[in-house]
Amino acid sequence: RGRRRRRVAEKMNVQVLADHKLSSVAPFKPYNNVEKKEVELILVKEQNGVQYTSSSIVPPPRISYPTGSSEEVDRETWGKKIDFLLSVIGFAVDLANVWRFPYLCYKNGGGAFLIPYVLFLVIAGMPLFYMELALGQYNREGAATVWKICPIFKGVGYTVIIIALYVGFYYNVIIAWSLYYLLSSFTHELPWLKCGNAWNSVNCTDPKVFNVSFLTNGTKYSKDKNTPAAEYYERGVLHVHESHGIHDLGLPRWQLTLCLVVVVIILYFSLWKGVKTSGKVVYITATMPYVVLLVLLIRGITLPGAMDGIKAYLHIDFKQLNNATVWIDAATQIFYSLGAGFGVLIAFASYNKFNNNCYRDALLTSTVNCVTSFFSGFAIFSVLGYMAKKHNVNIEEVATEGAGLVFIIYPEAISTLPGSTFWAIVFFIMLLTLGIDSSMGGMEAVITGLTDDFKIFKRNRKLFTFVTAFGTFLVALLCITKGGIYVLTLLDTYAAGTSILFGVLIEAIGVSWFYGVDRFSEDIERMMGFKPGLYWRLCWKFVSPAFLLFVVIASIVNSTELKYDDYIFPSWANLIGWGIALSSMLFVPIYAIYKFLSVRGTCRERIAYCITPEHEHHLVAEGNIRQFKLKHWLAI
C-alpha cells in the first residue's frame, strides 16, 4: 500500500508541476476536476484506510490561466469567417480611400508615389495590422483588457478607446451630410446644378455661362466658392456663411439633425446585439462601394477627357521622391488608411475562433484596402479629366481632396451628365456605405473595449450601446450648427492626429519590447501552428516602432496653425485642440502611475508586477522575473 500511495502521489505531483509550468507559456485545458478528486480520494483512502469525502488533504494547485486560454467559451464569435473579413475591410476602406489617396498620389509624383507607399505598407503597415489582429485573437479581449500581457500599458487601451469615441463625434456628421445629399438627389434637377436658389448669393456664378478664368479670378477652380455646387455645400447644407467663426456656432440645423438621427439609429441597430448583427450588415456596406466604384469607373472612362485625367493620375515623376514631404505623406496615409491603433482590429479579432489564420487575414485585408485606394483613383480622375476638359483648364485646377472633392467637384461633374439624378444617387449611396461600416468599427472598438473591462456594461450591452450612440449624437450636434464646420475641423485635426500615432507607438513598444517578440511569436504559434518568420519579428521589434516614431515627429514638425479655407482659428481654439489630444494621451502615464502605486511590495517588485503578464505573477513572487534579464530584451 505504501508503494502504491507513493506512485499515485508522484503521479499527482508530476501532473501539477507540468500544468503549473504549462500555465505560464500556453493556453491549455486543465485536467478534469472529477479525475483530480478521484486521485485525491485514493490518497485519502490509502492514508486512513477508509473512504473520506473531503478533498482538503490535497488542495488543488493555484493556476492562473493565460489570457488567450480557449477556456473562454462564453465569448461571442463571428457567425462566419466572411463576416469578420468584410467587417475589417469595411472598417479599413473608408472615405479617405476615395477623397484623399487619389489626390495624394497625383500631387506627389503619380506612379512614383507608389514606391514609398508600398514600401511603408510592407515594412510597417502590414506588420502593425498583423500584430493587432494576432493580439486581439490570442487574448480574446478588447483594447484595454488585452493589456493583461503587460498591465502597466493598459492606459494605451483607454487612449485608443477615447480616440475612437472622439472620431465618432464628427465622422457620423460626414455620413449625415452624405445622407442629406442622397435625399436631395431624388429630384428631376439636382439642386446644385445652377444658381437662383434661396441659398445662393448674389456672387453665384454659373461656369456654363461665364469663362472659368473670369470666374476664378486667378484662384484654382476647385477652391472657388461661387460656383453653384460650392454654394450649395457651404450655404445650402452647412450654412457656414451665417457664422463668424468657431465662437459663433448658433443652433443645430434641423435637416442635418434628422439625418444624424437616422445615422445613429442605423449604427445602434447594427451593433446592439454584437458581431452577430454587425457581421451581417457589412454584407451590404462593405460590398456596395466596390459595385458603385466599378459602375462609376465604367461611366467615367466613357467621358471626354477621361484619359487625360487618368494619365495625370498615373504620370511618373521620380524627382518628387527627393522631397521629404512625399515620404511623410506616404507614411501618414498608409497608417491612417489601414486603421491600426483605433482598437478596432483588436476588437474584431477578439471574436475570432482561437485557431483562425489571422496571418492570412492580415495580408488579404490590408492588400484589399490599398488596392481599393489605388483603384478608386481611376474613378475619381476619369471624372476630373472630364471636368478639366469641359472647363478648358488643367487637371491641377480641378484636382482637390477631402470634402471639396466628394461634396463639390464630383457632384458638379455628375450634375452635367445625362441621367444625373441616377448617378448622384449611386455616388452618395457609395459614400454612405463607406462611412457606415467604418463608423460601426469605431463604435464597436469602444463598446468591446469597455464591456470587456467593466462587466456591468457587458451584462447590459444593449443599454450601453444605446448610451454610447446617444452620447456621440449629442456631441455631434455641435458639428451641425451653422459654425459646426469649424468644430468638425478642430476635431478632425486634433482628436486622432498626433494622439493616435503616439498610442500606436506605445502599443508597439509594449508588445514588442516589454511583452517580447519571442513570446508574442509563441502565442501566434499556439494559435496557428507556426511561428512568424524572422522578417515579421524584426519589423515588430525595430522597424515598426522606428516608423511610428518617424511619423510622430513628422506630424509634430509639420503641424501648422489651424485654419478652414481663409478662416484662421483663434489661439484659444488651438489650445482646446491640444487639450483634446492630450486628454487621450495622458491615460498612458496616469494609468502607469496608478498601477505602480496600487500594487504591493518593494519598488523592484512593483515594477516587476507592472511589466509581467498577469498569468505569470506567481513567477514574480518566486523572484523569477523575465523582464529583469538581458536575454528578454535581446530576444527576437
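Quick reminder: no glycine exception, Cβ is built from N, Cα and C everywhere.
Residues annotated as transmembrane segment in TrEMBL: 84-102 (among others).
Residues annotated as Na(+) binding site in TrEMBL: Gly90, Ala92, Val93, Asn97, Ser337, Asn369, Leu434, Asp437, Ser438.
Listed by sequence, the residues of this chain that lie at least six past the ends of the transmembrane segment (114-135) yet keep a Cβ under 8 A from its Cβ atoms are 88, 105, 146, 321, 326-327, 330-331, 333-335, 337-338, 340-341, 345-346, 348-349, 358-359, 361-363, 365-366, 370, 374, 504, 508, 511, 520, 523-524, 527, 532, 536, 539-540, 543-544, 547-548. As annotated by TrEMBL, transmembrane segment applies to 114-135 (among others).
Annotated transmembrane segment per TrEMBL: 156-183 (among others), in sequence order.
Look at TrEMBL and you will find Cys195-Cys204 tagged as disulfide bond. Long-range C-beta contacts of Cys204 (disulfide bond), restricted to its own chain and to partners at least six residues apart, with a cutoff below 8 Å, comprise Cys195, Gly196, Asn226, Thr227, Pro228, Glu231.
As annotated by TrEMBL, transmembrane segment applies to 254-272 (among others).
Under the heading transmembrane segment, TrEMBL lists 281-301 (among others). Proximity of distant same-chain residues to the transmembrane segment (281-301), defined by a Cβ-Cβ separation under 8 Å and at least 6 residues beyond the stretch ends, is recorded for 83, 86-87, 89-90, 93, 270, 307, 310, 372, 375-376, 378-379, 382-383, 386, 417, 423, 426-427, 429-430, 433-434, 436-437, 440.
Residues or ranges marked as transmembrane segment by TrEMBL: 334-351 (among others).
Summarising the annotation, TrEMBL assigns transmembrane segment to 363-388 (among others). Tertiary proximity for the transmembrane segment (363-388) is limited to same-chain residues at least six positions away from its ends with a CB under 8 Å from its CB atoms, namely 85, 88-89, 92-93, 97-98, 101-102, 105-106, 114, 117-118, 121, 125-126, 129-130, 289-290, 293, 296-297, 300-301, 303-313, 334, 337-338, 394-395, 397-399, 405, 409-410, 412-414.
Among the features that TrEMBL reports, transmembrane segment is placed at 408-434 (among others).
Residues annotated as transmembrane segment in TrEMBL: 463-488 (among others).
For the transmembrane segment (494-517), the list of distant contacts is 128, 131, 135, 147, 149-150, 152-153, 156, 159-160, 163, 166-167, 169-170, 335, 340-342, 537, 540-541, 544-545, 548-549, 551-552, 555-556, 559, 577-578, 580-582, 584-585, 588, 611, 613, 626-627, 632-633, 635-636: same-chain residues at least six beyond its ends, Cβ to Cβ under 8 Å. What TrEMBL records for 494-517 (among others) is transmembrane segment.
Annotation source TrEMBL lists transmembrane segment at 538-556 (among others).
Feature annotation from TrEMBL assigns transmembrane segment to 576-597 (among others).
Only residues 6 or more beyond the boundaries of the transmembrane segment (408-434), in the same chain, are considered here, and those with a CB under 8 A from a CB of the stretch are 93-95, 97-98, 175, 178-179, 181-182, 185-188, 190, 192-193, 222, 227-230, 233, 284-286, 288-289, 292-293, 295-296, 299, 303, 380, 383-384, 386-387, 390, 398, 400. Remote same-chain partners of the transmembrane segment (334-351), defined as residues 6 or more beyond its termini with a Cβ less than 8 Å from a stretch Cβ, comprise 75-78, 84, 87-88, 91-92, 94, 96-97, 101, 117, 120-121, 124-125, 128-129, 132-137, 139-143, 146, 157, 160-161, 163-164, 167, 274-275, 358, 366, 369-370, 373, 438, 441-442, 444-446, 448-449, 452, 496, 500-501, 503-504, 507, 548, 551. Put simply, of 84-102, 156-183, 538-556, the stretch with the most CB pairs closer than 8 A to the transmembrane segment (463-488) is 156-183. Below 8 angstroms of C-beta separation, residues 172-173, 175-177, 179-180, 183, 237, 278, 281, 436, 439-440, 443-444, 447, 461-462, 465-466, 469-470, 472-473, 476-477, 480 of the same chain, each at least six residues beyond the ends of the transmembrane segment (254-272), sit close to that stretch. Annotated Na(+) site Gly90, Ala92, Val93, Asn97, Ser337, Asn369, Leu434, Asp437, Ser438; additional same-chain residues within 8 Å of its Cβ mean position, judged by their own Cβ, are Ile89, Phe91, Asp94, Ala96, Ala286, Pro289, Gly339, Thr372. With a cut-off of 8 Å between Cβ atoms, the residues of this chain six or more beyond the transmembrane segment (84-102) that come close are 78, 133, 174, 275, 278-279, 282-283, 285-287, 289, 313, 333, 336-339, 344-345, 348-349, 351-352, 356, 361, 364-366, 368-369, 372-374, 376-377, 380-381, 401-403, 405-406, 430-431, 434-435, 437-438, 440-442. When Cβ atoms from all protein chains are considered, those within 10 Å of Ser337 (Na(+) binding site) total 23, not counting its own. Shown in sequence order, Ala286, Pro289, Val368, Asn369, Thr372, Leu434, Ser438 are the residues of the chain, 6+ apart in sequence, with a C-beta less than 8 angstroms from the C-beta of Val93 (Na(+) binding site). Taking the Cβ of Gly90 (Na(+) binding site) as reference, residues of its chain lying under 8 Å away and at least six apart in sequence are, in sequence order, Val282, Thr285, Ala286, Asp437, Ser438, Met440, Gly441.
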